[in-house]
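Features as listed in TrEMBL:
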- ARG72: pyridoxal 5'-phosphate binding site (BINDING)
- ARG94, SER95, GLN102, ARG307: substrate binding site (BINDING)
- LYS266: tRNA binding site (BINDING)
- 328-355: coiled coil (COILED)
- LYS278: N6-(pyridoxal phosphate)lysine (MOD_RES)
Amino acid sequence: MLNLNFSGLIPTNMEKRGELTLKENLNIIEEIFNQRKIPKEGLDDDKIRLLLKILSLMDTDKDPKVIQIGEREARIASKIQNELVGGFCHGIGRSGNLIDAQPKAPGASIMYALTNKILESFLKNLGLKVNAIASPVATGMSLSLCLSAARKKYNSNVVIYPYASHKSPIKATSYIGMRMRLVETKLYGDAVRVGVSDIEDAIKKEINESNNPCILSTLTFFPPRESDDIIEISKICEEFDVPHIINGAYAIQNNFYIDKLKKAFKHRVDTVVSSSDKNLFTPIGGGIIYSKDKIFLREISLSYPGRACATPVVNILISLLSLGMDKYLDLMKKQKESKKLLDELLNELAKKKGERVLNVKNPISSCITTKKDPINVAAKLYNLRITGPRGIRKNDKFGTCYLGEYPYNYVVVNSAIGVKNEDIELVVKKLEKVL
């Protein structure tokens, strides 16, 4: 495409040497377009900027000879706005069809399609052979899109929700005007979870009442609430022909969750929603929606009203290109090591203070009991410049996800992807002082 004539400007040997360097740099970008896969090694920021610049220059608002007479011509007040959207001022989507190409924005349309291809290759490398789209809205609103698609395709009119104290799924259901049927949690030792038989009973009751239920299960959450048994739920949904949507907010970062998804996908899983900021180190605002059902995934994209801002999608693309597959796998490995360290240090602290680390299956977060007011403990940690811990009182039915009285007051400490071992050590040290 580029035909740059450098001849006669400098000595030929220097010209050839410079062209070689330029070619090598451009080859890396060409490989991204040709292979459409996440790179093994991440790209540096300059190359990512160049890739985005090349694509954004294809949009009509960057045409130096364009005559703009429409009501929506990507007109902006400041260059800062252009920078914030990666140069894609026209956004993504066309007339409410999120993944359709936009005539005024060939570059943004290519960028979005490329992002989805790279996202699929990323998930495939993690063992999830799925179709995927980068969502321009975060987890809760992405769940609304999925539920709306289930209503349109399967006439779903009620959402069966194994109870988790997560406002986003509850609001997502309310937002699109569907009724929610909660399935109550039970106590299994320290763990709080929903029995699969109770979920099956809820499905049968709704079907007997001539309703068309769909299941919104929870894969990732704070302890003591454990993951829903998405494998058994997917079997039940397959048996009763009921749509199954999984909230897997931070499921991508740990094989504990990925392995569950791989098994569940063998049965009835219509789609999974994960967060871009929790998994891919992006600013908040985007989601990852993935499914083996390409037709249903398109239905989800069609449920989005209007065009969308390109920024959340650009952020996902930047993260995938910047990290590369090798670095992400290394970060996953370090996350496991940090969680192991967290558990070791919390167990030592529990022995010193006469407390317990709760026996709950969770590869990201851990709980330690406290005889003090957990809200006060968490507040003191916040004042010590520590963000993330949650203090929950045993009678807090929302916080514990348990409608009875939980046996303990506790504090939740997380070891999510990207955390450093020194941060784990410091938080436990400061927690010891507070306890």
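Placement of Cβ uses the backbone N, Cα and C atoms for every residue, glycine included.
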Of ARG72, LYS278, ARG307 (the recorded positions), the residue whose Cβ has the fewest other Cβ atoms within 10 Å: ARG72
Number of Cβ atoms other than its own within 10 Å, given for GLN102 (substrate binding site): 21
Separation of alpha carbons, ARG94 (substrate binding site) and ARG72 (pyridoxal 5'-phosphate binding site) (Å): 12
Three-state secondary structure, ARG94 (substrate binding site) (per DSSP): strand
Distance, the residue listed as 'N6-(pyridoxal phosphate)lysine' to ARG307 (substrate binding site) (CA atoms, angstrom): 25
Mean predicted confidence [pLDDT] for the coiled coil (328-355): 98
CB-centroid shell, 8 A cutoff, substrate site ARG94, SER95, GLN102, ARG307, site residues removed: GLY91, ILE92, GLY93, GLY96, ASN97, ASP100, GLY306
